[in-house]
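Let me begin by presenting the structure, written as structure tokens, before commenting on it.
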Amino acid sequence: MASQPPHPSWYLQYRFLGRKTYSSMYPDRRGKRAPRERPPVAPSDGASGRRRLSLGTLVKAIVVFKRLAADIRRGHILPCLNPLSTEQKAPEKRSVAIPEKTFWGDQEPLSKIPYQILTGHQNLVSSCHFCVNDTKVLSSSFDYTVKLWDAMEGTIIRDFDDGPETPVLACSVTADSRRIAAVAYDKTLRTWDLETGKLLWKIKHGGFLTSCNFSPDGKYVVSGLDVDHGICIIEARNAMAVSHIKDHHARSVTGCCFDPDSQKVASVSLDKSIKIWDVTSQATLLTINRAHTNAISSCCFTFSGHFLCTSSWDKSLKIWNIHTGEFRNHGACATLMHGHEGSVSSCQFARDSSFLVSGGFDKTVALWDVGEGYRKLSLKGHNDWVMDVAISNNKKWVLSASKDRTMRLWNIEEVDQIPLVIKCKKNLGLSVNQCEVCEKPFSTYDSDVFSKTVTKCVFCRMDASLSAEASSSSEKKDSLPKAGRLGNK
């Protein structure tokens with residue numbers, strides 16, 4: 001009975017070693033030799049018969065073969081890579097072009113924004129703020145600390161005393177930079193003196209706190225409630241509760257902030273709704289249900305107090321007019337989209353509302369032209385989610401806090417002179433004009449037939465329309481009593 005042929009890989013190994021080929025060693029089933037024969041090689045020990053190689057010998061032979069092949073390739077490539085060699089050129093590498101997913105408006109090819117990295121936290125940086133005339137930076141982190149930084153030097157000035165022993169979720173600072181507040185996972189709200197770093201008071205709630213924010217006048221501090229789905233307003237001086245609104249939302253409150261007059265509190269929630277609470281009348285002034293298609297993460301007022309911006313996990317930002325109830329039906333006055341590839345975590349207006357900054361889970365910081373509703377620039381560099389953003393009062397610096405345990409201080413003073421921003425404006429057909437009311441620059445489309453007649457920015461135009469509506473409504477009210485008197489006569 002004829003023996004069975006070996007595995008095909010053994011055939012290649014036998015050919016390389018110069019042994020008898022497969023066709024000469026084994027006849028086919030008919031007992032005939034294969035038509036292609038090779039001269040037999042005599043056994044090394046002189047004995048007759050076939051000889052099989054051991055497994056160890058085959059392994060050694062394969063190793064030798066691989067080394068030999070590598071030496072041959074190296075002998076061809078290395079002379080070509082010699083910088084002194086002029087006879088041969090380096091071999092061209094053949095690679096398959098793989099289409100890469102690019103972000104719209106990537107600033108890398110045309111510009112570099114100057115920045116400084118602030119390192120010192122040992123865990124996620126949850127929030128950040130400018131303070132002390134933009135010379136200092138305040139930050140909170142999941143490493144259980146609240147830190148004060150020198151903005152220009154990028155060094156830590158102090159950690160605040162008697163801090164929590166749990167992750168800090170958010171921090172806030174008064175407008176005069178005298179006090180700071182922070183909420184942590186231990187269900188506490190703490191306030192410190194910024195200059196001395198001493199703890200002023202501490203309050204423990206029954207449930208988790210998600211956010212905190214000082215009123216611009218420094219009298220109140222509001223915190224968002226997780227389990228109670230509401231907000232809690234406390235007097236900053238004596239820690240007395242002013243309002244504790246439970247079930248203000250259907251789900252957990254994710255963010256809250258005061259308006260510039262310190263009279264209204266805006267809150268956003270996982271239930272996709274926005275609510276405006278009046279501190280004086282203790283009543284809800286405005287409710288916007290289904291404001292986004294996903295959970296709302298943050299909110300901020302313009303410095304005029306007329307508009308509110310909300311950021312959401314639906315990858316968009318919306319700017320709302322909060323003075324009239326008509327926006328309950330008509331929706332946002334502006335929607336900022338196509339700026340982030342992931343959930344938007346935070347937003348902040350510039351002091352003059354000329355632009356907006358947002359941070360997202362796509363590791364980028366976006367600068368938006370509010371008037372025209374497009375993204376001017378995307379700042380990239382963080383290695384993980386951007387958790388919070390802040391803008392200096394002089395509009396020269398943008399601060400971003402990230403899950404990568406760092407903060408970045410971006411210099412945007414000359415952002416409008418960046419080639420990419422100029423190129424983007426040209427592609428969109430935008431021209432820059434000056435508002436005749438507030439004397440601030442704003443953009444218009446060259447293709448718009450009314451571009452030459454528009455002399456006011458979007459905020460001044462909307463303020464004018466609001467004042468016109470208010471005056472018309474007051475005229476109607478005044479005319480009603482007169483008509484009544486005429487009817488009685």
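Heads up, the Cβ atoms here are built off N, Cα and C, so glycines get one too.
Feature annotations, reproduced from TrEMBL:
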type	residues	note
REGION	25-49	region 'Disordered'
REPEAT	118-159	repeat 'WD'
REPEAT	161-202	repeat 'WD'
REPEAT	246-287	repeat 'WD'
REPEAT	289-330	repeat 'WD'
REPEAT	337-378	repeat 'WD'
REPEAT	379-420	repeat 'WD'
REGION	468-489	region 'Disordered'
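Remote same-chain partners of the repeat 'WD' (246-287), defined as residues 6 or more beyond its termini with a Cβ less than 8 Å from a stretch Cβ, comprise 210-217, 219-220, 222-231, 233, 293-301, 303-305, 308, 310, 312, 320, 322, 325, 328. With respect to Cβ pairs under 8 Å, the repeat 'WD' (118-159) is most closely packed against 379-420, considering the stretches 289-330, 337-378, 379-420. In the predicted model, the repeat 'WD' (161-202) has a mean pLDDT of 96. Long-range contacts of the repeat 'WD' (379-420) within its own chain (CB-CB distance under 8 A, at least 6 residues past either end) are made by residues 103, 105-111, 113-119, 121-130, 133-134, 137, 139, 141, 149, 151, 154, 345-352, 354-355, 357-361, 363-367, 432.
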